[in-house]
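Single-structure report; data block below.
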Amino acid sequence: MALRFEVLGRFNRARAARLTLPHFVCQTPLFMPVGTQGTIKGLTTEQLEDIGAQIILGNTYHLALRPTSELLDELGGLHKFMNWPRALLTDSGGFQMVSLLHLADITEEGVTFQSPVDGKPMLLTPEESIQIQNRIGADIIMALDDVVKTTTTGPRVEEAMDRTIRWIDRCIKAHKRPTEQNLFGIVQGGLDPVLRDICVKGLVNRNLPGYAIGGLSGGESKDSFWRVVAQCTAALPEEKPRYVMGVGYPLDIVVCSALGADMYDCVYPTRTARFGTALVPEGVLKLKQKAMAEDTRPVDPTCDCMVCKNYTRAYIHCLVTKDAMGSQLLSYHNLYYMMKLSRNLHSSIIEGRFPEFVREFLQQMFPKGDVPEWVCDAMEVAGIDISSCCTPFSSSQD
């Protein structure tokens, strides 16, 4: 095992921890920006350090195609290749096979898909996924799992969960760098509590360095989403990190942290930036709107990032539709916002003021008291009183 996980503070289920990885000592809860091809679009690694990014996520599937894992290995691994001194996490490549390539076929052997390069059938096995990730050299590597859409029902969900447990043993056996890289297993089982429970128990029996909750953020209701997270975090080991995959909305991160999760990743903050949208305490600010054309305020007057200190909404409005600089500035701001959120979650738990932080966060985002019902339900389970933030008949599901 190449990590150390020390819980430094708690509030009921929420916890703040120190996660020591080979390349960096991280503070949780933490958000990981997604750098698909070894880069966060439009930002340098120096900028990512400036804003406080601790772990960057790379996509195994994309990196294996270009520049190839063999070349990365030759050049000293992805850290050296992209000049990133802090931690990296790579996914297994399975999700991309299923989500990007509709011509994917999953069998016991692995995932067969059509090569985007020459159209020939290719096979990704659990063994090959781990070999590729061993060559890439990330601090955390993910097991290949059998991915189904969250909204899938019937026997296919159970089949995928069973296969995910069988494949973890093949991943463990294939993993050749356990003292340098940490293999996380992924809890599957759709929205079925029984299947999720079986999968958690199966993975925990393997005593892995950490565990991810997979198969969410795929179209399920928010009510189903938080209940799966609550179930899995309650059943996973206290002394290991818990990673909810594909979660990037600030509200979701606050709720999941209250329920005991530690790590998150998503393309949302940078993707929404490229569409001219900024993350602000009130929710989002759409810089493309005409009202922004003459607005001389910063994107977020409460933010002390380089963008908010130096540029107006009017300036960014002028850029977002015509110049790459617009999406770069908003990407910087949005990731700064996510890193600040992570730091605030960590410090509020350590300092014993997590409930106050949650209430303040919700009051800013929902000043009329229309906090979604699912958030109210989740916070009740997390043992956090948010009654002062909610109107009595708040029932929004968004």
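Residue 1 is the first one shown; counting continues down the chain.
Backbone N, Cα and C atoms are what each Cβ position is placed from, and that goes for glycine too.
Automated prediction, rather than curation, is the source of TrEMBL annotations.
What TrEMBL records for this protein:
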type	residues	note
ACT_SITE	Asp91	active site, proton acceptor
ACT_SITE	Asp265	active site, nucleophile
BINDING	Asp91, Ser92, Gly93, Gly94, Phe95, Asp145, Gln188, Gly215	substrate binding site
BINDING	Cys303, Cys305, Cys308, His333	Zn(2+) binding site
DOMAIN	13-365	domain 'tRNA-guanine(15) transglycosylase-like'
REGION	246-252	region 'RNA binding'
REGION	270-274	region 'RNA binding'
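Close to Cys303 (Zn(2+) binding site) in the fold, though at least 6 residues off in sequence, lie Val280, His333, Tyr336, Tyr337, Lys340, each with a CB less than 8 Å from its CB. Among the recorded positions listed (Asp91, Asp145, Gln188, Cys308), Asp91 has its Cα nearest to the Cα of Asp265 (active site, nucleophile).
Ranking the recorded positions Asp91, Gly94, Gly215 by Cα distance from Cys308 (Zn(2+) binding site) puts Asp91 first. Across the region 'RNA binding' (246-252), DSSP classifies residues as 3 helix, 0 strand, 4 coil. Within 8 Å of the centroid defined by the CB atoms of Cys303, Cys305, Cys308, His333, the record's Zn(2+) site, lie the Cβ atoms of Pro298, Val299, Asp300, Asp304, Met306, Val307, Lys309, Tyr332, Tyr336, Tyr337, excluding the listed residues themselves. Long-range Cβ contacts of Gly94 (substrate binding site) within its own chain (separation 6+, distance under 8 Å): Val111, Leu124, Ser129, Leu144, Asp145, Asp146, Val147. When Cβ atoms from all protein chains are considered, those within 10 Å of Gly93 (substrate binding site) total 23, not counting its own. Between the alpha carbons (Cα) of the residue listed as 'active site, proton acceptor' and Cys305 (Zn(2+) binding site) lies a span of roughly 30 Å. Secondary structure of the region 'RNA binding' (270-274) per DSSP, as helix, strand and coil residue counts: 5 helix, 0 strand, 0 coil. Neighbours of Ser92 (substrate binding site), defined as other CB atoms within 10 A of its CB across all chains, total 29. If you take every residue in the region 'RNA binding' (246-252) and average the pLDDT, you get 97. Overall, the recorded substrate-binding residues Asp91, Ser92, Gly93, Gly94, Phe95, Asp145, Gln188, Gly215 cover a maximum inter-Cα distance of 16 Å. For Gly215 (substrate binding site) paired with Cys305 (Zn(2+) binding site), the C-alpha to C-alpha distance reads 34 Å.
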